[in-house]
Amino acid sequence: MNILSIETSCDETSVAITQDGKKVLSNIVFSQIKDHQMFGGVVPEIASRKHVELITLILEKAFQKACLTPQEIDLVAVTQGPGLVGSLLVGINAANVFAYTYQKPLLGINHLLGHLYAAQIEHQIKPNALILLVSGGHTELLHFKNHDQIEVLGTTLDDALGEVYDKIAKALHLGYPGGPLIDQLAQTGKDTYHLVRPYLKNNNFNFSFSGLKSHLVNLLLKQNIQDLNIPNICASFQASVIDVLLTKTKRVLKKLPIQQLIVTGGVASNSALRKKMKETFLDLEVIFPSVQYCTDQAAMIGIAAFYQKNITPPSYKYDLTALPNLTF
């Protein structure tokens, strides 16, 4: 089965063609980072306009790379949410038009589900897996029982981890996006600031990083940037958030018979997180998608669609709309 998938939930314009829920025939991604850097973050209006400019070209490139024609597509899948409503609508409108033109079935996919299935591209997700999803907009612990039964164990109560990375980087005048910059600087620093480990004095699996963000931003505002050891601040920040992720994950493992741990989402490309997770959970099969599949891209949407098509039947109505606040 050949699946055409489209992802435009934020600031990446991506189109992919995948085969049988495993093989990636093409996965074209255009990142808008340079368009948003001067603003220190994603500007929704700019993002949606850029998607409009690029979507047709990216579609053409995906077919060229896959060496297929539109007639050879069996299913069209598109990110329906969550995300920026203007950005989502560009991808959804493109999917509606393509599917209608070639009379192909159409399926809307949850972006978060896509991140989960990013691991399926190079690995095999097993029943009763624990999923730690860490991205720009979400921090979630999920129990993957099987393809039609995914339970949310813990979620973000305020700021998602990727968002906090960007705000700390902005306070340090490092630039955007903040995640890779902080990760790189932290490699030469030490945990000398011993920052708070937020929201651990409880028995649940939820996350809250707003207190840590406020504490660190206030610390930076009270001191001259030139007097600070930036690598040590980055290392201390990473040590704090990784400790929280490890502690919450351990808490789940004490209650559920998990044999496989999958860490996915944009923050899963962080080198320190990848290293600590693999060092800590030696008795588990710990899986990270390749860095190219951690960030937003359409291949993960196509893989998710292959497994979800029998759970949520595709439609020939071609009237999908955006669901910007979609959850699991």
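Every residue number used here counts from 1 along the chain in the order it is shown.
Quick reminder: no glycine exception, Cβ is built from N, Cα and C everywhere.
The Fe cation binding site annotation in Swiss-Prot covers HIS111, HIS115, ASP296, and the record cites sequence analysis as its basis. For HIS111 (Fe cation binding site), other Cβ atoms within 10 Å of its Cβ number 24.
GLY137 (substrate binding site) falls within neither a helix nor a strand when secondary structure is assigned with DSSP, and so counts as coil. Here GLY137 (substrate binding site) comes close to CYS10, PRO82, GLY83, ALA160, GLY162, GLU163: these same-chain residues lie at least six apart in sequence, with C-beta atoms under 8 angstroms from its C-beta. As annotated by Swiss-Prot, substrate binding site applies to LEU133, VAL134, SER135, GLY136, GLY137, ASP166, GLY179, ASP183, ASN270.
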- Item | Listed binding-site residues HIS111, HIS115, ASP296, filtered to Cα within 10 Å of LEU133 (substrate binding site) | HIS115
- Message: Between the Cα atoms of HIS115 (Fe cation binding site) and ASN270 (substrate binding site), what distance do you get, rounded to the nearest Å?
- Response: 15
- Return the residues near SER135 (substrate binding site), defined as same-chain residues 6+ apart in sequence whose C-beta is under 8 angstroms from its C-beta, sorted by sequence, else 'none'. HIS115, ALA160, LEU161, GLY162, GLY265, GLY266, VAL267
- Message: Distance check, please: Cα of GLY179 (substrate binding site) against Cα of ASP296 (Fe cation binding site), rounded to an integer number of angstrom.
- Response: 14
- Task: Please report how many Å separate the Cα atom of HIS111 (Fe cation binding site) from that of ASN270 (substrate binding site), as a whole number.
- Result: 20
- Query: C-alpha of ASP296 (Fe cation binding site) to C-alpha of ASN270 (substrate binding site): distance in Å?
  - Reply: 15
